[in-house]
Amino acid sequence: MIWHVQNENFILDSTRIFMKAFHLLLFHGSFILPECILIFGLILLLMIDSTSDQKDIPWLYFISSTSLVMSITALLFRWKEEPMISFSGNFQTNNFNEIFQFLILLCSTLCIPLSVEYIECTEMAITEFLLFVLTATLGGMFLCGANDSITIFVAPECFSLCSYLLSGYTKRDVRSNEATTKYLLMGGASSSILVHGFSWLYGSSGGEIELQEIVNGLINTQMYNSPGISIALIFITVGIGFKLSPAPFHQWTPDVYEGSPTPVVAFLSVTSKVAASASATRIFDIPFYFSSNEWHLLLEILAILSMILGNLVAITQTSMKRMLAYSSIGQIGYVIIGIIVGDSNDGYASMITYMLFYISMNLGTFARIVSFGLRTGTDNIRDYAGLYTKDPFLALSSALCLLSLGGLPPLAGFFGKLHLFWCGWQAGLYFLVSIGLLTSVVSIYYYLKIIKLLMTGRNQEITPHVRNYRRSPLRSNNSIELSMIVCVIASTIPGISMNPIIAIAQDTLF
């Protein structure tokens, strides 16, 4: 009898929860239509995985890619609509958030074809891999639109949990297990620090959790210049710092890049930075409105350390993935310049434009690493010597992406950095921009060193890995080449049409 009563209560409670969720989706679903499309795609993947004995692999890739493309389409149709706040103030939809959501969806869409051949060769579980990628994408999108401290904490946890699982996906690889352990420990510590900072904001504002209400609460309690706000700023900066991985919060980055599966590294290297940048701009710009001088100083220190340490240490690396890890630390220093400049002098527009170019440059380089690694089994920079003699397309596309990362004209990376530095110069960040220019010159050195190895034709310098290199038939690697071609085009041609791209970003944001 007691069991029946408990069972009935459980059913009633479950029904109430379901009806409440259905009510929220019914009245707020249009605000999160792109996210709902991804959720529907996740459900489809789970249904196919649980009902089909023999997995129809092309269908799994098709459903994942289609849900991402449909989500992008839904975002584009909603472009330039009036800002909306939904779910009792927890989620905000506006042009600024949607641009970052578009960038995250673009990253995921390019990463799936980049992963196809790698998954087939390493015999990784396909469905789970795609589920984790889509769920991480969903978490990143919710983080971009988060409008309160609870959602800002929960959404990155959704992203981070999937990231931990993806980084340790090759369970038999000792390096992958080591990378996952370090990533998990650092991620857990950063989340604890972040939520501690939010608790100081919560108390100082009189119990408010919405970003704008926190500002109003600080005004009402007269706590906006209190030591508690300074403590909150330090803890939140440290917490976000571990997500963005600028120096000195970069310790996990090289090991995770080196030990994780290469398609996973490609995915994490761009999506995590886009989502964390979107969150950082909103957190610093709204709740810490009265502490702008303090957080500007903190971010300037992080940017300087990142640009110097990232680019100098990258010179000494022998692993291609570790080199890109330190390069990404330097790149986030450039992005921080745009965050500091903010709305004034088109800082956000230049930051978003540079991140768009960075996605194509970085993913194009990782596509080369995936393709070369599958055919040679090595990641050592020296082993790339003479690749042009065996695979001219791979060598040339790699060279273009690396030159664009270094910021050489007339490629997209040059114009992206130029506009970002110009906005910083107009905002009076002379020392920061000077450091950025000097470290960009340093980065060109180690990128050109790799390109020289790729293009060498001396037999004595060509390693056995390249001598035994065999190109696979087009049918087997066309998915990687598709991603690479898209990334190479996006790393070169947009630089010529820089003004229209900046104009679109400015028109959309303001």
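A Cβ is built for glycine as well, from the same backbone N, Cα and C atoms used for every other residue.
Small disclaimer: the values here were computed from a predicted structure and weren't measured.
Pulled from Swiss-Prot, these are the features on record:
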- 24-44: transmembrane segment (TRANSMEM)
- 57-77: transmembrane segment (TRANSMEM)
- 99-119: transmembrane segment (TRANSMEM)
- 124-144: transmembrane segment (TRANSMEM)
- 150-170: transmembrane segment (TRANSMEM)
- 183-203: transmembrane segment (TRANSMEM)
- 229-249: transmembrane segment (TRANSMEM)
- 295-315: transmembrane segment (TRANSMEM)
- 323-343: transmembrane segment (TRANSMEM)
- 395-415: transmembrane segment (TRANSMEM)
- 418-438: transmembrane segment (TRANSMEM)
- 484-504: transmembrane segment (TRANSMEM)
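The transmembrane segment (484-504) shares the most Cβ pairs under 8 Å with 395-415, out of the stretches 99-119, 124-144, 395-415. Contact between the transmembrane segment (99-119) and the transmembrane segment (57-77) is supported by 3 or more Cβ pairs under 8 Å, counting only residues 6 or more apart in sequence. Highest Cβ contact count with the transmembrane segment (229-249) among the listed stretches 150-170, 183-203, 418-438 falls to 183-203 (criterion: pairs under 8 Å).
In this chain, the transmembrane segment (323-343) lies apart from the transmembrane segment (57-77): fewer than three C-beta pairs between them fall below 8 angstroms, excluding pairs fewer than 6 positions apart. The highest tally of CB pairs under 8 A with the transmembrane segment (183-203), across 57-77, 150-170, 295-315, 418-438, is held by 150-170.
Residues 300, 303-304, 307-308, 333-334, 337-338, 340-341, 344-347, 350-351, 353-354, 407, 498, 502 of the same chain lie 6+ residues outside the transmembrane segment (418-438) yet bring a C-beta within less than 8 angstroms of a C-beta in it. Nonlocal intrachain contacts for the transmembrane segment (395-415), taken as residues 6+ away from its ends with a CB within less than 8 angstroms of a stretch CB, comprise 327, 331, 357-358, 360-362, 364-365, 367-368, 387-388, 440, 443-444, 447-448, 450-451, 454-455, 484-485, 487-488, 490-496, 498.
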